[in-house]
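A.B. asks: Here it is, the structure in full.
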2 protein chains.
Amino acid sequence: MRGKRVRIRAKGRIFEGIALPSEDGKIVLKLDNGYNVGFYDYEIIEEEEFEVPEVKLPAVKEREGLKNVKVISTGGTIASKVDYKTGAVTSQFTAEEIVSDIPELAEICNISAELLYNILSENMRPEYWITLARRVYEAIKEGYEGVVVTHGTDTMHYSASALAFMLRTPVPVVFVGAQRSSDRPSSDAAINMICSAHTALSDLGEVAVVMHATTSDDYCHIHRGVKVRKNHTSRRDAFESVNYPPLGRVWSDGRIEWIAERFRRGERELQLFDSLEEKVALIKYFPGLTPEILEFFHDRGYRGFVIEGTGLGHVSTDWVDTVKRVAEDSLIVMTSQCLWGRVCDRVYDTGRYLLKAGVIEGEDMLPETALIKVMWLLGNFELEEARELVKKNLVGEINYRSGYEEEFE
Amino acid sequence: MRGKRVRIRAKGRIFEGIALPSEDGKIVLKLDNGYNVGFYDYEIIEEEEFEVPEVKLPAVKEREGLKNVKVISTGGTIASKVDYKTGAVTSQFTAEEIVSDIPELAEICNISAELLYNILSENMRPEYWITLARRVYEAIKEGYEGVVVTHGTDTMHYSASALAFMLRTPVPVVFVGAQRSSDRPSSDAAINMICSAHTALSDLGEVAVVMHATTSDDYCHIHRGVKVRKNHTSRRDAFESVNYPPLGRVWSDGRIEWIAERFRRGERELQLFDSLEEKVALIKYFPGLTPEILEFFHDRGYRGFVIEGTGLGHVSTDWVDTVKRVAEDSLIVMTSQCLWGRVCDRVYDTGRYLLKAGVIEGEDMLPETALIKVMWLLGNFELEEARELVKKNLVGEINYRSGYEEEFE
């Protein structure tokens with residue numbers, strides 16, 4: 001393999017480093033300090049090709065006394081690796097590669113790695129969730145102590161929700177990603193990966209997301225898969241639990257502090273419901289949006305709808321008639337674009353007209369979680385049953401309010 | 001006027017209070033302690049009608065030395081009032097009524113009140129923003145020291161954005177609402193209103209939202225209108241500044257602590273741009289959403305689109321062709337459903353294909369703000385100019401990153 005080292009002038013300064021793959025006439029350099037810089041306007045002063053010696057990674061040996069963890073890769077920043085020496089983007093995602101990158105992992109568990117997909121997280125689709133759920137199900141049946149799924153961060157919370165509904169798991173199923181790739185000094189890949197391995201061995205029996213809890217390298221949060229959301233485009237602590245506390249904190253030395261009620265290891269029997277209805281729409285309401293949008297989807301065969309209404313769960317009053325018509329053969333769930341808080345009926349407003357028209361309130365579910373829940377319900381149950389089940393807390397996605405006392409607030 | 005006092009049995013307990021208006025067979029009682037309770041299942045034990053003496057509110061006198069503030073009501077919880085004695089929902093929204101409710105206001109400024117609309121906030125529409133902007137413009141021309149707009153909280157941040165773009169104001173234009181109506185002991189109406197009056201008199205020259213800053217009755221935040229969002233369905237501190245600090249804190253005694261850079265009183269000349277293009281769509285992307293949604297709107301004459309992409313601003317790669325076709329005669333802005341953080345192009349992903357296809361990055365703009373900005377741009381400028389202006393910071397809606405150094409993070 002050959003690499004290329006270049007010296008350029010850009011923005012009035014000199015930069016020198018390994019040229020990384022790029023496009024559109026942009027040049028991207030990996031500087032010697034590990035940082036990347038990119039420029040459209042630049043002048044090459046000097047360049048030199050060099051031969052990169054092939055590195056043979058040592059085989060990973062199983063260590064006695066360590067438990068087995070399955071690591072399944074679906075792609076994303078955490079799995080992508082730009083070779084520091086060649087500039088090539090490579091990833092075979094073998095156990096050898098992972099352990100060579102993060103040697104601490106070999107002390108924690110015996111890793112069996114598998115590259116299931118290598119897709120950009122924004123290209124995730126319901127059909128991929130089905131394959132992933134089946135693969136995780138098999139791994140659990142094979143007896144792994146826990147499963148780690150590496151995933152791009154963009155849609156990781158959608159995927160975690162999907163697996164939480166499709167799979168009742170007696171062991172930890174841990175989604176993990178990285179906001180900064182492992183070739184950057186500020187990368188969160190290693191600590192996230194180490195913390196997810198510890199979580200995979202823990203007394204957890206549900207689908208979780210493990211990611212940086214703070215902007216420093218302190219510890220990670222273990223988030224409930226159906227209660228987590230990416231709330232920042234770039235920060236390492238972008239993932240936050242919404243309307244439920246993180247399940248716990250996990251440090252890279254293996255210490256875990258549980259915070260909230262969780263499903264425990266072995267609490268639920270392994271079950272797979274590997275069907276999803278893809279034709280479900282999430283619609284965010286805004287002032288001026290007309291209800292034709294419902295008909296657009298309905299005409300195309302959609303029978304599941306999640307509305308992201310305003311405030312406590314509203315849309316314009318002129319939606320009521322259309323909602324009523326569409327709800328006749330569909331499941332319509334109301335959530336809130338506030339994201340935090342609960343959708344609920346109130347005493348003096350149009351909310352009650354929507355309920356009469358057939359809208360079901362999503363309680364404190366995130367819109368993204370409600371979307372996946374409806375996909376899953378319509379994929380596995382008849383409409384009437386789905387309408388009943390959507391109101392019920394199935395895997396921790398709903399926390400009910402305490403009852404009528406709430407009106408005293 | 002007649003009221004009705006009832007005693008009921010519900011949930012195995014006895015409740016007594018004034019019956020409030022309700023529907024669907026539900027009974028709602030205002031208890032003597034001021035709280036409301038509602039029940040579907042109840043039994044009336046006793047009821048008694050009574051005559052409510054008419055209350056004549058004292059006229060509000062202008063006080064010398066106090067400055068004049070215009071208060072314009074558009075409806076919402078803060079303007080609605082359930083009469084404690086009769087149970088009737090009433091609001092004339094006169095200065096007398098406001099000052100009788102919140103006597104502190106008479107010490108702060110001379111209020112001139114006007115009921116412009118009385119609509120539910122979820123029924124807010126672009127055409128109402130135009131009327132509101134014109135009315136506020138006139139009030140500023142009439143010489144008021146500041147303008148307070150009372151508004152339902154559901155869509156208050158959309159409306160504040162709309163006025164921020166439509167109106168370059170040399171004085172404070174303060175949106176204020178309440179999460180709990182003034183007939184409830186936990187109401188935030190009074191302190192929000194008092195703090196908004198102080199803000200209307202302050203050294204501010206832009207459109208702001210003033211709401212509870214904490215869950216206690218401490219102080220309010222002054223949020224920049226284009227940088228604020230309702231982030232909780234019911235909490236009193238539901239409004240949060242996103243990607244910019246609150247402009248300041250304001251206490252009910254009139255103390256103001258400025259936090260962030262702001263437009264100052266008199267800094268900008270009064271200008272009105274009272275045109276909006278209503279046909280602009282905000283589309284939240286989710287795994288599985290097909291690009292036909294763009295064509296649906298485009299076929300109906302929409303030429304403005306704001307996409308709420310995932311992460312740094314993504315949609316599935318199979319959107320690129322449709323995006324390119326639609327972008328030919330449209331303005332498409334990419335924002336992020338993360339809400340916090342910045343949309344930006346990156347080195348190794350499909351983001352660059354979207355840019356090539358004609359998508360313009362919304363930087364750190366909120367999706368809701370970007371929607372309004374596009375409505376305003378297409379209402380007032382030709383497409384080419386709108387495409388240039390959407391990237392520019394016009395009223396504080398964009399904070400640019402520092403430049404190429406950012407890639408060093």
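Positions of Cβ are set from backbone N, Cα and C atoms, glycine also.
Please treat TrEMBL annotations as automatic predictions, because they have not gone through curation.
According to TrEMBL, the record shows the following:
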- A:3-39: domain 'GatD N-terminal' (DOMAIN)
- A:68-261: domain 'L-asparaginase N-terminal' (DOMAIN)
- A:Thr77: active site (ACT_SITE)
- A:Thr153: active site (ACT_SITE)
- A:Asp154: active site (ACT_SITE)
- A:Lys230: active site (ACT_SITE)
- A:279-381: domain 'Asparaginase/glutaminase C-terminal' (DOMAIN)
A.B. asks: For the active-site residues listed here (A:Thr77, A:Thr153), which one has the lowest count of neighbouring CB atoms within 10 Å of its own CB?
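C.D. replies: Ranked by other Cβ atoms within 10 Å, the active-site residues A:Thr77, A:Thr153 bottom out at A:Thr77.
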A.B. asks: Given A:Thr153 (active site) and A:Lys230 (active site), what distance in Å do their CA atoms have, once rounded to a whole number?
C.D. replies: 8
A.B. asks: DSSP says what for the domain 'GatD N-terminal' (A:3-39): how many helix, strand, coil residues?
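C.D. replies: Split into helix, strand and coil, the domain 'GatD N-terminal' (A:3-39) gives 0 helix, 25 strand, 12 coil.
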A.B. asks: C-alpha of A:Asp154 (active site) to C-alpha of A:Thr77 (active site): distance in Å?
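C.D. replies: So the alpha carbons of A:Asp154 (active site) and A:Thr77 (active site) sit roughly 10 Å from each other.
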A.B. asks: For the domain 'Asparaginase/glutaminase C-terminal' (A:279-381), give the DSSP counts of helix residues, strand residues and coil residues.
C.D. replies: 39 helix, 22 strand, 42 coil
A.B. asks: Compute the C-alpha separation of A:Thr77 (active site) from A:Lys230 (active site), stating it in Å without decimals.
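C.D. replies: With distance taken Cα to Cα, A:Lys230 (active site) is 15 Å from A:Thr77 (active site).
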A.B. asks: Reduced to three states, what secondary structure does DSSP give A:Asp154 (active site)?
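C.D. replies: In the DSSP reduction, A:Asp154 (active site) maps to coil.
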A.B. asks: Count the other Cβ atoms sitting within 10 Å of the Cβ of A:Lys230 (active site), across every protein chain shown.
C.D. replies: 29
A.B. asks: Let's check the environment of A:Asp154 (active site): how many other CB atoms sit within 10 Å of its CB?
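C.D. replies: A:Asp154 (active site) is surrounded by 31 other Cβ atoms within 10 Å.
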